[in-house]
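*Asks:* In case it's useful when we look at the structure, here is the feature table from Swiss-Prot:
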ACT_SITE  GLU215  active site
BINDING   HIS59, GLU62, HIS151  Zn(2+) binding site
Amino acid sequence: MLALGKLLELTLTDHEPAEKTQVTPKGVRLRWLGEGALEVRPPEGDDCGLDLLLSAGIHGNETAPIELLERLLHGVANGKIKPRSRVMFLFGNPAAIRKGERFIEQDINRLFNGRHELSSGFEALRAAELEQFARVFFSKPERARLHYDLHTAIRGSKIEQFALYPYKEGRKHSRRELARLAAAGMEAVLLQSKSSITFSAFTYEQLDAEAFTLELGKARPFGQNEQVNLDKLEERLIQIIEGNEPEAGDSLDGLKLFSVAREIIKHSEGFRLHLPVDIENFSELSKGYLLAEDLAEMRWVVEEEGARIIFPNPKVKNGLRAGILIVPDSGQRLD
């Protein structure tokens, strides 16, 4: 196997390869771009016209997606996977991956779409670097652009594998992309309705990629992800990389759609979230339930039918989202 196929090993050891470009016997070109970043180019004349960005490790303790990218890259480097798509493999926060921690100083997935310019420190610099990697990768005209940012969650979930679909004013969510997600094993998709500061929101809003945050189970240490079944996703990603993906059609049977009703924003250290510490994502909440309180008699009371909570986290910094209240969506606004 080509040495550049061991991107995770290079990242974990903080090692820069002596040879920055390698070519497989079949003409697939691997190029090291910087820490945690590798570009794969298909052989000349065998390119299907897709640019695919696969990122993981934005949070360093979310290891199942990192291991998935490692398997895919090994397959490319040893010739078992035969790319016809141009692919970038990207490990988001190498320092946090090495420590096995969510982040070093601050959550890097709250620093995109210009937010890093208002901050400082290691993660702010890395967010700017990740944006530049993506900007250069997606700069080629007249090519399809797809970004999957792979994560696992800090808590359990009643729906284990789901996606978040970013928002851009004037741009509709794609039914075809939702069907592709369903074929890849996603059980639900949250259709977002406002701009965001995550990595996938940046590539969707600024670089015109079809982009998604994929939540794939619960965060566990390296080598302890037997309970996270990524077989369907891995199979689909190989098909996308090889350019032989079966047509998914536009049927969304079995895929649950949700939209954001409200975001719960923490404004002060007086913020209180009235939920059990171990509550799971997608837990249902009844109308009239007092969800959260903050200073100045600020209260969040559930008013929506069928409301559920995802990503509850009262420990975020002031001004950030401490949870999302979501409701079922009919999908009538899809393209």
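Keep in mind that glycine also has a Cβ here, set from the backbone N, Cα and C atoms.
Help me understand the surroundings of these features in the structure.
*Replies:* Same-chain residues at least 6 positions away in sequence with a Cβ under 8 Å from that of GLU215 (active site) are, in sequence order, HIS151, THR152, ALA153, SER157, GLN161, PHE162, ALA163, LEU164, ASN281.
DSSP assigns HIS59 (Zn(2+) binding site) to coil in the three-state reduction, outside any helix or strand.
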*Asks:* Excluding HIS59, GLU62, HIS151 themselves, which residues in that chain have a Cβ inside 8 Å of the centre of the Cβ atoms defining the Zn(2+) site?
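*Replies:* Not counting the recorded site residues, we get ALA56, GLY57, ILE58, GLY60, ASN61, PRO65, ARG102, ASN109, LEU150, THR152, ALA153, ALA219.
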